[in-house]
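Enquirer: Relevant sequence annotations retrieved from Swiss-Prot are reproduced here:
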type: BINDING; residues: Leu12, Gln13, Gly14, Arg27, Thr90, Pro210; note: substrate binding site
type: DOMAIN; residues: 18-210; note: domain 'Radical SAM core'
type: BINDING; residues: Cys31, Cys46, Cys49; note: [4Fe-4S] cluster binding site
type: BINDING; residues: Thr51; note: Mg(2+) binding site
type: BINDING; residues: Gly92, Ser133, Pro134, Lys135, Gln173, Pro174, Met175, Asp176; note: S-adenosyl-L-methionine binding site
Amino acid sequence: MAYSVKELFKTLQGEGAQAGRAAVFCRFAGCNLWTGRESDRAGAACTFCDTDFVGTDGQGGGKFADAAGLADAIAACWGEHPADRYVVFTGGEPLLQLDEALLQAVHAQGFTVAIETNGTLPPPPGIDWICVSPKGRAPVVVERGHELKLVFPQADARPEAFAHLAFEHFFLQPMDGPARAAHTTQAVQYCLDHPQWRLSLQTHKYIGIP
């Protein structure tokens, strides 16, 4: 299978339970909930999306003919340090492209594999860390994993709709944009009132890293 990658870069994970951890981010092109075109944003399941996932023209992006080639590019992006290799497959929606062949190839390079998914598609076996981020009314089929991270507030995706799912960690992440301060205040109060939930901030945006 060929893979279309918007961008490939090394940075620190900025969000959730793995915040602060060095990681290679492999951002796949494409999403099943929005085309990525501004003209279509109003009809998207997540009108608040702040990610460019269209095309393959980003840093380190491109079309990769097979799993081995993409795994080699991920390893090269990580660099010479052999320990604690960690790759995050994201998007767009990574489960449109992530398959068992690619998982096997990056595992063979010594990586722990994480995904950040909207949870609407079933994952292949072998993923080490599953983070689901529900979007609007889009039905979630991934009902167990390591981390559920909900952008908050969403009128069509309330925290109580997901609190019963089998995840180890539950995070509220204040929605970015002009009302971020108000959203943060709301998220803080919700976490205080519902201690099952923890606050996740996009620390990479605060410290100016990708």
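Including glycine, each Cβ sits where the backbone N, Cα and C put it.
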Enquirer: When you tally the Cβ atoms that lie within 10 Å of each candidate's Cβ, which of the binding-site residues (Gln13, Thr51, Thr90, Gln173) has the highest tally?
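Expert: Counting Cβ neighbours within 10 Å, the top one is Thr90.
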Enquirer: Pop the Cα-Cα gap between Gly92 (S-adenosyl-L-methionine binding site) and Thr51 (Mg(2+) binding site) into the table, whole Å please.
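Expert: For Thr51 (Mg(2+) binding site) versus Gly92 (S-adenosyl-L-methionine binding site), the Cα atoms are 8 Å apart.
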Enquirer: Within 8 Å of the Cβ centroid of the substrate site residues Leu12, Gln13, Gly14, Arg27, Thr90, Pro210, which other residues of the same chain have their Cβ?
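Expert: So the extra residues in range turn out to be Phe9, Thr11, Glu15, Ala23, Phe25, Val88, His204.
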Enquirer: So which binding-site residues are near Pro134 (S-adenosyl-L-methionine binding site), with CA atoms within 10 Å, out of Gln13, Arg27, Cys31, Cys46, Pro210?
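Expert: Of Gln13, Arg27, Cys31, Cys46, Pro210, within range: Cys46.
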Enquirer: Spatially, which candidate from the binding-site residues Cys46, Cys49, Ser133, Gln173, Asp176 is nearest to Gly14 (substrate binding site), comparing Cα atoms?
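Expert: For Gly14 (substrate binding site), the closest Cα among Cys46, Cys49, Ser133, Gln173, Asp176 is found at Gln173.
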Enquirer: How many Å lie between the Cα of Cys49 ([4Fe-4S] cluster binding site) and the Cα of Asp176 (S-adenosyl-L-methionine binding site)?
Expert: 9
Enquirer: Measuring Cα to Cα, tell me the gap between Pro210 (substrate binding site) and Ser133 (S-adenosyl-L-methionine binding site) in whole angstrom.
Expert: 19
Enquirer: Which one is it, among the binding-site residues Leu12, Gln13, Arg27, Cys31, that lies nearest to Gln173 (S-adenosyl-L-methionine binding site) by Cα separation?
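Expert: For Gln173 (S-adenosyl-L-methionine binding site), the closest Cα among Leu12, Gln13, Arg27, Cys31 is found at Gln13.
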Enquirer: If you measure Gln13 (substrate binding site) to Ser133 (S-adenosyl-L-methionine binding site) at Cα, how many Å is it?
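Expert: A Cα-Cα distance of 15 Å.
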Enquirer: Measuring Cα to Cα, tell me the gap between Thr90 (substrate binding site) and Ser133 (S-adenosyl-L-methionine binding site) in whole angstrom.
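Expert: Just about 11 Å between their Cα atoms.
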Enquirer: What subset of the binding-site residues Gly92, Ser133, Met175 lies within 10 angstroms of Arg27 (substrate binding site) at the C-alpha level?
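Expert: Neighbours among binding-site residues, in sequence order: Gly92.
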Enquirer: To the nearest Å, how far is the Cα of Lys135 (S-adenosyl-L-methionine binding site) from the Cα of Cys46 ([4Fe-4S] cluster binding site)?
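Expert: One finds 6 Å between the Cα atoms of these residues.
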Enquirer: Would you kindly give the Cα-Cα distance separating Cys31 ([4Fe-4S] cluster binding site) and Gly92 (S-adenosyl-L-methionine binding site), rounded to the nearest Å?
Expert: 4
